[in-house]
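S.K.: Annotation comment: TrEMBL describes 40-79 as DNA-binding region. Feature annotation from TrEMBL assigns domain 'CoA-binding' to 103-204. Annotated NAD(+) binding site per TrEMBL: 114, 115, 116, 117, 118, 119, in sequence order.
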C-alpha cells in the first residue's frame, strides 16, 4: 500500500460556487500530481473571490498558486475547464468544479487520534472548518487526557473508536500518536470503518490497499531543506574558489609572467 495515495451532495453553506453532480462532467481520472495542485488553485481562487474578482487569467491564477501557466491549463483541462480566450476563467464555477472534485461540497467529519503537543495544536486549527472539514472526535490512550475539552470537544479513550466512528460517520482520521502506537491505532481505525488516514507518526503504516494514506513527516521535510542549504553552501564555495582562481590568474597576467615565463594572454595562463 502506498503511503502517498490519495462527492456528491449539496454544497456547503457559504462556500463559493457550490455545484451538484448534474453540473459537473463524469468524475475524471486525475493524475496524482494534478490532485496535489488542486488545493493550491482553490486557495488562490478563494482569495481572489474574497478580494472582489470575478475572473482570472491563467497567468494570474498560476502566479497566485505558484505554478507555471501551462501546467495550470493542463490541470484544469482535466476538469473540463478551458477558460475563455481574452477573459480567462470565471472564478465561481471553477471553485465549484474543484470543490466537487475534491469532495468539499460535503462537510467531512474527521477523527484525530493523539492529543499530545502536535495533536492538541491540530485540534485547535481553525483552518479545517473553512476548508470543509469538521473535527468530530478526539481520542487518546492516556487516561489522564480523557475528558479534557479541546475546542469544545471532549477527548475520548481510543477504546471508543468503533462506536464514535460509526455514530459520527467518520471516514477520515488524523494520526498524531507516537511511532510505536501508530500501527495498532491505524488498524483499529480501519477496522472501525475509516478509509483515509493523514499520518503524522514517523512510521510507514501497513494497511489494506483500499485505505488511502498521506504521510507528513516534519523531520523529513527539514532534512530536505537541509539538503538545499548544503547544496547552496557547496555551490557558493565552488564559486568563491573560481573567483579567487580568476583573480590570481589576472594578477599573473598583470605581472607579465608566471613561473618566470613570459605570458601573452589570460587564456594561456588558464590553459
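Backbone N, Cα and C define each Cβ position, glycine as well.
Bear in mind that TrEMBL entries carry predicted annotations, made automatically and left uncurated.
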S.K.: Look up residue 118 (NAD(+) binding site) in the DSSP assignment and reduce it to helix, strand or coil.
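M.R.: Helix, per DSSP.
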S.K.: Using a Cβ-Cβ cut-off of under 8 Å, list the residues of the same chain that are 6+ residues beyond the ends of the DNA-binding region (40-79) and lie near it.
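M.R.: For the DNA-binding region (40-79), the sequence-distant neighbours (Cβ-Cβ under 8 Å, at least 6 residues beyond its ends) are 16, 25, 28, 30-31, 34, 87-92, 94-95, 97-99, 101-102, 104.
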S.K.: Do any residues at least six apart in sequence from residue 114 (NAD(+) binding site), in the same chain, have a Cβ closer than 8 Å to its Cβ, and if so which, in order?
M.R.: 139, 140, 175, 176, 177, 178, 181, 185, 200, 201
S.K.: If you count other Cβ atoms within 10 Å of each one's Cβ, which of the binding-site residues 115, 118 has the most?
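M.R.: The most densely surrounded of these binding-site residues is 115.
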S.K.: Enumerate same-chain residues with a sequence separation of six or more from residue 117 (NAD(+) binding site) and a Cβ-Cβ distance below 8 A; give 'none' if the list is empty.
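M.R.: Once residues fewer than 6 apart are set aside, residue 117 (NAD(+) binding site) is near nothing.
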S.K.: If you count CB neighbours within 10 Å, which one among the binding-site residues 116, 119 has the smallest count?
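M.R.: Lowest Cβ count within 10 Å among the binding-site residues (116, 119) is 116.
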S.K.: Taking helix as H, G and I and strand as E and B in DSSP, count the residues of the DNA-binding region (40-79) in helix, strand and coil.
M.R.: 28 helix, 2 strand, 10 coil
